[in-house]
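J.: Here it is: the structure, laid out below.
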Amino acid sequence: MEIPNVADKWSGTVNEITLGATKDKGGTRTKTITIGGAKSIPFMDFEGNPGQKPVVAMDVYDVPPEDWPETLTKPFADVLNDPAQWAKKCVEQYGADLICLKLEGIHPDKGNKTAEETVKTVKSILAAVGVPLIIWGCEHDEKDNEVMPKISQAARGECCLMGVVTQDNYKTLTATCLADGHALITLAPVDINIAKQVNILVSEMDFPLNRIVMFQSTGALGYGLEYTYSIQERERLAALTGDKMMSMPVICDVGHEAWRTKESKSDDMEVPQWGARDERGPMWEAITAVGLLQSGVDIIRMSHPKAVATVKKCIERLY
Amino acid sequence: MALTGLDIYKLLPKTNCKKCGRPTCLAFAMQLAQKKANLSDCPDVSEEAKKVLGAAAAPPIKLVTVGAGARQVQVGEENVLFRHEEKFYHPTGVAVTIPDDLSEDAFNDRLKKVNSLKLTRVGTEIEIDLIAVMNKSNNAEKFAEAAKKVSAGSHLNMILSSASVDNMKAALQNCAEKRPLLHGASASNCEAMAALAQEKKCPMTVTAQTLEELADLAERAKKAGVEEIVLDVGGNNPKEVLQKLTKIRRLALKKNFRTLGFPMITFVCDEDPFQEIALASTYLLKYAGIVAVNACEPWAIMPLLTARTNIFTDPQKPIQVEPRLYAVGDVKDDSPILFTTNFSLTYYTVEGEVESSRVPAYILAVDTGGTSVLTAYSGDKLNDKVVAKAMTDAQVDTKVKHKKMIIPGLVAVMSGKLQETLGWEILVGPREASGLPSYLKTVWKA
């Protein structure tokens with residue numbers, strides 16, 4: 001029996017961005033990562049170019065995380081105090097495509113580290129690994145505005161992905177990323193209209209649209225995943241139908257969110273009916289990521305090596 | 001594809017006789033298009049019109065029922081490709097396999113394990129729906145014996161999987177009344193399997209590697225009299241499976257392609273449970289009506305069931321937690337108490353932050369009809385009286401000996417009125433839940 005053609009024709013494309021700069025482009029990276037470029041619904045390459053493969057960025061913290069369960073600290077036990085070695089381990093042993101440095105320790109309540117200390121950390125990571133860097137502030141506006149410009153300058157020319165800016169706080173970071181040649185993450189928590197608004201605000205400062213990545217905040221599996229899923233699905237459809245202010249690649253923060261849940265954190269003693277923690281936690285993280293992949297995401301921030309391996313293999317098999 | 005009012009009008013007698021109770025045939029047609037009227041209201045409608053309109057009214061993806069009684073699973077009858085367009089209606093049936101070639105002990109152990117896959121998370125019990133008996137042995141007696149044991153020893157609905165019609169017949173002797181889904185029809189045995197399904201009044205699957213073959217098979221099963229068909233796209237290339245699932249859903253919804261207007265099933269078998277559940281979750285999100293897996297550990301099944309809960313949530317309806325007082329950690333009568341709304345996303349965000357603060361605290365989830373703090377406040381669903389009532393209902397004064405209430409920073413403007421109505425000291429908390437840990441550790445402690 002003949003089957004009608006169901007390939008949708010799309011007029012728009014998700015912007016393509018290359019993160020990281022090699023020597024000939026003014027940086028010191030040995031590897032660059034290109035994301036975006038999709039002209040089809042995720043993984044549906046029968047209707048058009050599916051774009052670049054989604055990539056996994058592994059999280060590294062500038063201070064040892066306080067509230068990580070043992071399952072998560074175990075693989076990093078020897079490096080939690082040394083962000084550069086931590087990053088190296090993620091790249092060399094666990095196959096991270098990028099490193100996301102989360103600047104938890106600069107937060108006034110969580111260590112209040114100075115810009116100088118933090119610049120040192122960034123430089124040590126740049127020296128330790130060749131992959132591109134994502135640098136994520138502490139989401140305390142005043143402190144971020146104080147520290148992030150100094151980091152931006154110190155990493156000038158490396159084409160890092162820096163974040164995050166919101167509709168209430170975007171000018172400082174946007175200006176410095178523009179000057180230093182970095183890409184930028186725009187945040188609007190679970191709101192598609194504000195998402196567009198931030199992109200417009202940033203672009204009005206002459207920041208190029210093709211250097212923006214969108215972040216809608218991430219709901220973990222069982223904790224609002226469906227909100228993130230539907231917002232991202234709507235954004236991807238908007239991009240494919242040609243909305244230029246919605247055509248940015250998307251990043252998700254899966255590791256941090258998945259590992260805050262009871263399902264991944266609880267001890268076996270607390271929840272014997274849920275099964276072994278060392279499997280349960282990584283599985284929760286992996287399925288959060290795998291679920292969101294279907295809605296259209298280009299960079300996934302993750303933590304546990306086993307979850308990372310699962311998601312990377314799954315991407316290979318679906319792509 | 002739905003017919004418009006004008007399409008329907010063309011098929012009506014156009015006499016404006018008013019016998020249907022509407023002033024004109026056009027008005028009747030418009031109501032039919034909106035599904036506010038029944039065609040049977042028109043006494044003069046032609047047979048042709050009945051046929052065309054009847055077919056157009058049938059759902060594009062047929063509803064298939066597996067099992068019998070209160071626990072039966074219904075899949076299919078979906079209307080949209082993306083949940084934000086409306087919602088997904090019939091949650092994917094989750095099945096776990098049990099092979100018939102296990103030793104008696106191993107079989108019983110596995111059956112027991114599968115039966116116990118009931119998990120409680122965030123106050124709700126979630127459970128798998130089906131158990132798939134696999135005729136690995138290729139032996140009729142063994143298969144019949146396994147089916148009998150499962151039928152007698154499990155509350156779950158059944159799938160019987162065998163390529164042999166004879167073996168299937170043998171197994172059905174012991175469990176036909178459970179209306180199992182018969183999995184095993186392919187090009188070589190389609191009519192015989194269909195005859196069996198027809199005789200025993202069971203739903204059946206058809207399996208083929210290409211959509212063309214699948215459409216032919218579905219047509220053959222239908223001709224043989226089977227109405228409840230489930231499509232198995234077969235194959236073990238995940239990319240192809242995912243694309244076929246999408247194509248079939250689009251064919252049914254966008255092209256009104258009736259031949260493939262049925263729910264779909266995928267058997268995911270991977271030695272690595274992480275890969276297996278990753279793929280099963282993927283297929284579940286993108287249109288499988290039933291997914292069957294080998295994994296039967298709770299840590300593997302729970303995320304799969306949770307993905308289902310998430311994706312089948314009605315996007316138009318805010319989800320709520322029960323409005324009551326929640327204790328987080330080892331609370332005492334001097335523990336802090338804070339309120340938020342009963343919108344579940346809001347509540348769980350607050351709960352997560354309170355938990356990570358390691359400061360034991362009470363959270364009062366105030367009934368705002370499941371809306372967020374600001375939405376509830378602007379809609380007057382969150383005011384001093386609502387909070388006062390919630391406090392009385394939860395008997396807050398018997399739980400803590402202090403009289404200090406922490407309120408969301410977003411509604412700081414409420415503090416004056418609250419203080420007046422409650423007679424409690426009002427402490428304005430952070431605007432974002434993420435500020436709670438440091439708030440509880442510093443401001444509250446001080």
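Including glycine, each Cβ sits where the backbone N, Cα and C put it.
Feature table excerpt (TrEMBL):
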DOMAIN    B:1-59  domain '4Fe-4S'
BINDING   B:Cys17, B:Cys20, B:Cys25, B:Cys42  [4Fe-4S] cluster binding site
BINDING   B:Thr340, B:Thr346, B:Gly370, B:Thr371, B:Ser372, B:Val373, B:Ala433  5-methoxybenzimidazolylcob(I)amide binding site
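Relative to the rest of the structure, where do these features sit?
T.: For the domain '4Fe-4S' (B:1-59), the DSSP-based tally of helix, strand and coil residues reads 30 helix, 0 strand, 29 coil.
Listed in sequence order, B:Tyr9, B:Leu12, B:Pro13, B:Lys14, B:Thr15, B:Asn16 are the same-chain residues six or more apart from B:Cys25 ([4Fe-4S] cluster binding site) with CB atoms under 8 A from its CB.
Neighbour density for B:Gly370 (5-methoxybenzimidazolylcob(I)amide binding site): within 10 A of its CB lie 21 other CB atoms from the protein chains shown.
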J.: Once the DSSP letters are reduced so that anything not helix or strand counts as coil, what is B:Thr346 (5-methoxybenzimidazolylcob(I)amide binding site)?
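T.: The residue in question, B:Thr346 (5-methoxybenzimidazolylcob(I)amide binding site), is helix (DSSP, three-state).
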J.: Measuring Cα to Cα, how far is B:Ala433 (5-methoxybenzimidazolylcob(I)amide binding site) from B:Cys20 ([4Fe-4S] cluster binding site) in Å?
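T.: Just about 58 Å between their Cα atoms.
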J.: State which of the following binding-site residues has the fewest other Cβ atoms within 10 Å around its Cβ: B:Thr346, B:Ser372.
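T.: Looking at the binding-site residues B:Thr346, B:Ser372, the Cβ with the fewest others within 10 Å is that of B:Ser372.
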J.: For the binding-site residues listed here (B:Cys17, B:Cys20, B:Val373), which one has the lowest count of neighbouring CB atoms within 10 Å of its own CB?
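T.: Across B:Cys17, B:Cys20, B:Val373, these binding-site residues, the one with fewest Cβ atoms within 10 Å is B:Cys17.
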J.: Counting Cβ atoms within 10 Å of each candidate's own Cβ, which of the binding-site residues B:Thr340, B:Thr371 comes out highest?
T.: B:Thr340
J.: I'd like to know the mean pLDDT over the domain '4Fe-4S' (B:1-59).
T.: 83
J.: Can you figure out which of B:Thr340, B:Thr346, B:Ser372, B:Val373 (the binding-site residues) comes closest in space to B:Cys20 ([4Fe-4S] cluster binding site), comparing Cα atoms?
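T.: The smallest Cα gap between B:Cys20 ([4Fe-4S] cluster binding site) and any of the binding-site residues is with B:Ser372.
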